[in-house]
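One structure is given here, and the rest of the page talks about it.
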Amino acid sequence: MEQKPSKVECGSDPEESSTRSPDGKRKRKNGQCSLKTSMSGYIPSYLDKDEQCVVCGDKATGYHYRCITCEGCKGFFRRTIQKNLHPTYSCKYDSCCVIDKITRNQCQLCRFKKCIAVGMAMDLVLDDSKRVAKRKLIEQNRERRRKEEMIRSLQQRPEPTPEEWDLIHVATEAHRSTNAQGSHWKQRRKFLPDDIGQSPIVSMPDGDKVDLEAFSEFTKIITPAITRVVDFAKKLPMFSELPCEDQIILLKGCCMEIMSLRAAVRYDPESDTLTLSGEMAVKREQLKNGGLGVVSDAIFELGKSLSAFNLDDTEVALLQAVLLMSTDRSGLLCVDKIEKSQEAYLLAFEHYVNHRKHNIPHFWPKLLMKVTDLRMIGACHASRFLHMKVECPTELFPPLFLEVFEDQEV
């Protein structure tokens, strides 16, 4: 025998369980919509504890289609409207069924009428096209908020103090006064002839070969390039205050790293060349066959990646200062003093990057990774130098070149 659902009590107010504002909308406590965790999942914080669905009395999960309802009634109402099912609903008991969490699935018509009676809004149910548009709008708003948050975080990041600005200006001027050709390097560079560096003749133990003509061309510019690195360091007060022994160790350790950085920031994607010492534009194979071997690839790749950073003179100068003041060089006496100097440059560097407000996400940590790349280039060159010294005629090496790169750690 079929069980007959209970009848609705006449005169009952289906909105008694909800609190409404004058405009008919459900009030949200404190206007908050954050989530809180319960044993049954996530529920909005504006719900009272154990608040019931206004349709069936089950535990409510949120504010759906203008009413506080459970997930079941929300889904039932949405499907009914989206698929236009309500004209097909019927009731065996004159539309007088009581709807609760036990009987709600027994009569679709009475359940739908209860949804309408408590105030669920049909016009808030979106069809597929509107739902896609809404989802797109939500994503756009989310992206907009993300960008606004990024801008706010950039604005809140500390910028250089007056003392740091002094440090920054000194480093910048030291770089500019020792950086050959300055900003005019493109107009003044000369391309190494294509026939130089294309016919390696001296074999190296690592399998590479060296073109002695190209090597000879590079040695002509290496001495002034080294001298400019030394001059840069001496213009930094923190460096000049160190003992001569520490100055020599730091210079020998960072010289190739700084020269590589100065070449890398003068990478030209149009000609795919690096400009050495501000005057000689060379191709990858020429630099490789001229003695640098695989080190050439590393410097070219660094140049390509740095081109996206759009570094200015100050950032290059501070990067050089950080490389110079490295405490892990063997034999240093004033390690603590050098470490404090590097920390001062790093902090000023970070604050200056904040001041510049680059558009690249995570610009600062990405830039610091280039320090690691340059340290690797320096280590690879030290190993390469040992092979070159054995295989190439000693008279081809300038005295300053030998003085700086001999006895380096590999």
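Numbers run from 1 along the shown chain.
Each residue, glycine too, has its Cβ placed from N, Cα and C.
Record features, source Swiss-Prot:
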type	residues	note
REGION	1-52	region 'Modulating'
BINDING	CYS53, CYS56, CYS70, CYS73	Zn(2+) 1 binding site
DNA_BIND	53-127	DNA-binding region
ZN_FING	53-73	zinc finger
BINDING	CYS91, CYS97, CYS107, CYS110	Zn(2+) 2 binding site
ZN_FING	91-115	zinc finger
BINDING	ARG228, SER277	3,3',5-triiodo-L-thyronine binding site
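Shown in sequence order, CYS53, VAL55, CYS56, ASP58, HIS64, ARG104, ARG111, CYS115 are the residues of the chain, 6+ apart in sequence, with a C-beta less than 8 angstroms from the C-beta of CYS73 (Zn(2+) 1 binding site). Take the mean position of the Cβ atoms of CYS53, CYS56, CYS70, CYS73, the recorded Zn(2+) 1 site; other residues of that chain with a Cβ within 8 Å of it are GLN52, VAL54, VAL55, GLY57, ASP58, ALA60, THR69, GLU71, GLY72, LYS74, LYS101, ARG104. CYS97 (Zn(2+) 2 binding site) sits 19 Å from CYS70 (Zn(2+) 1 binding site), taking the CA atoms of both as reference points. Here the candidates are the binding-site residues CYS70, ARG228, SER277, and by Cα distance the one nearest CYS91 (Zn(2+) 2 binding site) turns out to be CYS70. The DNA-binding region (53-127): residue composition by secondary structure is 28 helix, 8 strand, 39 coil, according to DSSP.
In the structure as shown, the Cβ atom of CYS56 (Zn(2+) 1 binding site) sits within 10 Å of 23 other Cβ atoms. The Cα atom of CYS107 (Zn(2+) 2 binding site) lies nearest to that of CYS70, taking the binding-site residues CYS70, ARG228, SER277 as the candidates. With a 10 A radius on its CB, CYS110 (Zn(2+) 2 binding site) counts 23 other CB atoms from all the protein chains.
Not a single one of the binding-site residues CYS70, ARG228, SER277 has a C-alpha within 10 angstroms of the C-alpha of CYS110 (Zn(2+) 2 binding site).
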